[in-house]
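Noted in TrEMBL for the protein shown:
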type	residues	note
ACT_SITE	H243	active site, proton acceptor
BINDING	R49, D88, V89, K151	NADP(+) binding site
BINDING	H181, K185, E219, D238, K343, K348	substrate binding site
DOMAIN	13-190	domain 'Glucose-6-phosphate dehydrogenase NAD-binding'
DOMAIN	193-490	domain 'Glucose-6-phosphate dehydrogenase C-terminal'
Amino acid sequence: MIENQKPTALITIFGATGDLANRKLYPSLYHLYKKDKLDQKFAVIGVARRELMPDQFQEQVRQSILEHVGTNENLDEFVSHFYYHSLDVSNTEHYHDLKNLVDELDAHYQLNGNRVFYLAMAPQFFGTIAESLYKQQLKSDNGFNRLVIEKPFGHDYPSAKELNDHIRLAFSEDEIYRIDHYLGKEMVQNIEVIRFANAIFEPLWNNRFISNIQVTSSETLGVEDRGRYYEGSGALRDMVQNHMLQMVALLAMEPPIRLNTNEIRSEKVKVLRALRPLEGDEISNSFVRGQYNAGVSKGKQVKSYREEEHVDSNSNTETFVAGKIMIDNFRWAGVPIYIRTGKRLTEKSTKIVVQFKDIPMNLYMKTEETLNPNLLVIHIQPDEGITLHLNVKKSGQFVETTPVKLNFSNKSVDGMNTPEAYEKLLYDCLRGDATNFAHWDEVALSWTYVDPIAKAWEQTKESSFPNYSSGSMGPDEADKLLEKDGFHWWPVTDLDVENC
Ligand code: BG6
């Protein structure tokens, strides 16, 4: 049951001076505030190690809004809800003072004991913070207590389990909100609606009519200033274990019996359980890794991954992954789901292409030609929309076909930007809707799938690295992966909404 649409709560943000808080969390809270989705009775405590006076912190929040939202409407009033507490997360004494502030604000704003603890900081502290919040009695007895955790949730299955066990000593599964910001994206949420609210798709959504599915999430940026983290992660852990597999689960799940958190999550879990595990040679037959070389990205010369800051000059870390995922269940047997993601690729784009099987007999073309297959393209970002590729008659005397695209663009309908993923997810969390957060079972199964691949790649040094130029769409092996099956990647640029 989803709670109050205008929730009241005390939001404590650990990592309050960090990048995520400044770029995403404060602007998202401001948007909610401006849209009147937050009750006037709310307060935010920023927690970080640095010593800051309350007004310095409020000034930081103000700057974040000015920079990322660009307006100052009601800004003074908004920032007046922000408080600051300097804390060393591993010092239990410090939580005592934090508790005093929490209790004081709870009473002052009449927050009914509703508490959100948002951990926007390095993962090695997640367990310690959760435990201290519990032991130092920062959880309330009367309202709700919710712990929001950023990724990465572990490094592999054993470390994720250890972390989860630690956190679960302090918070129940229902109280834990594991962020996967892809689940907050408008068009990722739309996958379910496109599938289950349209009579024309669901009957075709299976191995009788779909030949393959392609999920591409490409980035133009390199590793930027995250070399230290990324070296130990790579694209497989950074993108595939979470965002890519979440999209696969939404594409492949059975219709839930009800649109509620437990039913939807349980259908996604079934998909993740049905992923065909890979071992031995199957790994290199099904997954390809890449690392970017220097090149030209968006007209600018850029350096190779190995030349980036905090990156080993001989690094074996992948910045690109392409893979073929098979789902061993009745609906999907035999249908490859290809995924690819990487940094320093041609364009910033996330798209899903559902390719339908060819019609059994080609009536309309000369024998050497083939008809274009029907495609359903779901544009996740930066465009938001769907395109259906069909064949129609070319106007004129003869019966010849020509491809057409039926296009729906979210932006042109709404005439405005859809809310940021973080805004939606924060609002969901405040309302107690955990549907778009990852349940532990999903996290565990995703790691179980990814671990053997990560292990194999760690154990064998990839001698071809760097194997793709910045500005390209990854290594040639990624194309060969599909060619072996008689397919090819649908070029993301050709599928852009403006090219339709
Ligand atoms: C994050 C990854 O989870 O997702 C980043 O850690 C990546 O490396 C980012 O750049 C991509 O998100 P988006 O929303 O820009 O596609």
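Using the three backbone atoms N, Cα and C, a Cβ is placed for every residue, glycine included.
Note that the structure is a prediction, hence the values are computed from the model and not measured.
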R49 (NADP(+) binding site) and K185 (substrate binding site), Cα-Cα, nearest whole angstrom: 31
Whole-number Å value of the largest CA-CA distance among H181, K185, E219, D238, K343, K348, listed as substrate-binding: 20
Cβ neighbours within the same chain of E219 (substrate binding site) - under 8 Å, at least six residues apart: T341, G342, K343, R344, L345, K348
Candidates near ligand 1 among the binding-site residues R49, D238, K348, judged by a Cβ under 6 angstroms: D238
Cα within 10 Å of D238 (substrate binding site) - qualifying binding-site residues among R49, D88, V89: none
Neighbouring C-beta atoms (10 Å sphere around the C-beta of V89 (NADP(+) binding site)): 21
Proximal but sequence-remote residues of the same chain as the residue listed as 'active site, proton acceptor' (Cβ under 8 Å, at least 6 apart): D180, H181, Y182, S217, T341
Under 8 Å by Cβ from K151 (NADP(+) binding site), counting only residues of that chain that are 6 or more apart: P123, R178, I179, D180, N242
Around the Cβ of D238 (substrate binding site), the count of other Cβ atoms that are within 10 Å: 23
Cβ-based isolation winner (fewest other Cβ atoms within 10 Å) among the binding-site residues H181, K343, K348: K348
Residues that sit under 8 angstroms from R49 (NADP(+) binding site) by C-beta distance, when 6+ apart in the chain: S86, L87, D88, V89
